[in-house]
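As structure tokens, the structure follows; a few thoughts come after it.
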Amino acid sequence: MAAKDVKFDIDARNRMLKGVNILADAVKVTLGPKGRNVVLDKSFGAPRITKDGVSVAKEIELEDKFENMGAQMVKEVASRTNDEAGDGTTTATVLAQAIVKEGMKSVAAGMNPMDLKRGIDLATSKVVEAIKSAARPVNDSAEVAQVGTISANGESEIGQQIADAMQKVGNEGVITVEENKGLETETDVVEGMQFDRGYLSPYFVTNPDKMTTELEDAIILLHEKKLSSLQPMVPLLESVIQSGKPLLIIAEDVEGEALATLVVNKLRGGLKIAAVKAPGFGDRRKAMLQDIAILTGGQVISEDLGMKLESVTIDMLGSAKRVSITKDETTIVDGAGAKAEIEARVAQIRNQIEETTSDYDREKLQERVAKLAGGVAVIRVGGMTEVEVKERKDRVDDALNATRAAVQEGIVVGGGVALIQAAKHLDGLEGANNDQNIGINIVRKALEAPLRQIAENAGVDGSVVAGKIRESSDLAFGFNAQTEEYGDMFKFGVIDPAKVVRTALQDAASIAGLLITTEAMVADKPAKEGAGAGGGMPDMGGMGGMM
């Protein structure tokens, strides 16, 4: 086992804080409408330019192992916020840095770290309550566009595209983002269906960068039972190979020998294939398989109907223009099903919605209608160069996630103002002791950090802006960094999804609390140069006389 390097107390915390600051300082320059770009070097291809906080965070790896631990913990804040809310990663990073900085100062001054953490947790839950109660629902398409615009760093075209897409497929519909070959960004609505089952093996992945499986012009086998052996399917698989088209298997499960055989065939390149579990459970699974069959123009292979795998022919399978599979979701786009049959199926499900008395069943049936009728909207992002397209696609992804979050939990005042207004709810909050009160004050101070950073990125003194907003009794009063004006943020259209603001604070406080309470750090000692050359023969001199 390699020797370990151990750091304690102040030395450990200082090293960690340095790492936190390096990562946060690189990420926070992107915050706000006047945030700057960060250029990321790639080992192959052109450098990538981005304003996406989590993309910047993911690239950072520090040489000093102790500093790197601090950086990796804050990277975790950005990643978690991105996974939960899809946006707000830079805000979360700025909040985490502010809490850690103040917390470390207090620990160095002799405060109890555990009490500080308890104070931070108390304050965070109080502020989260305030954000939730301040949220109001999204009223119309214009507000959806405003949320998207803010998240896309002020580009109104992106906000409008997302609002249009949401209008076309509804809030239940599925929206995906792709790169366009041309200069324009356009929105297409394609008939399609998405369900929450991912690939059964990562070996099916065709795009390792995104860890997705993309099948173009695919054939789809729908099987109601488990597949544990492929022997009955051999004639069918031979027909599929002859057709040259990729195959998607949707079954209750594909396990053991069957899965191993598919993976081996995929790796050898003989068969373009992927397998996913069927969505739903019990009777609902049967119904959803039937939905997919109607959408793709195929049949469900069911033993109840006397169908055996041995007798299945290729014309009994469904087909779709494109299938995209991630580890969690499968999207079938442009199925070959007849329009009249799809409409009849939708009408049938709508009748069931009217008849059902269970709220849960009604919700699930409505989801099925959305998947059959709503389709998939595809936003194709264009640009002059590949670098520009990738940068814009990052922003469209963020904006899309933000608008979804806004529809889920409502909107609050944007530009960091919601956090400052929520801080007023901490005024009467008392901890069990003085150290906990200091923890509460750490959060109170940290809540101003995003607004200050937005102002500073716009070239304005952050403390002056924060002071003005703190003094105002109008909850919507704020600073529009785009126009450098003070006023009603709702009228300016500067709004944030409540879910994004809430998640950013919760994740930041959670990780910052862990960092503050760290007392020791352990890392591998760096290997000494030339240590790998041991065991060779010593001096070889004097062997010349052996001839």
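One-based numbering along the chain as shown.
For all residues, glycine too, the Cβ spot is worked out from N, Cα and C.
Some features that Swiss-Prot has for this protein:
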type     : residues                                                                             : note
BINDING  : Thr30, Leu31, Gly32, Pro33, Lys51, Asp87, Gly88, Thr89, Thr90, Thr91, Gly415, Asp496 : ATP binding site
REGION   : 528-547                                                                              : region 'Disordered'
COMPBIAS : 531-547                                                                              : compositional bias 'Gly residues'
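By a simple count of nearby Cβ atoms, those within 10 Å, the most crowded of the binding-site residues Thr30, Thr90 is Thr90. Once the Cα atoms of Thr30, Leu31, Gly32, Pro33, Lys51, Asp87, Gly88, Thr89, Thr90, Thr91, Gly415, Asp496, the listed binders of ATP, are compared pairwise, the greatest separation found is 17 Å. Taking every protein chain shown into account, Gly32, Gly88 are the binding-site residues, and of these the Cβ with the most other Cβ atoms within 10 Å belongs to Gly88. It is Lys51, among the binding-site residues Lys51, Gly415, whose Cβ has the fewest other Cβ atoms within 10 Å in the structure shown.
According to its DSSP assignment, Thr90 (ATP binding site) is helical. Under DSSP, Thr30 (ATP binding site) is assigned to coil, being neither helix nor strand in the three-state scheme.
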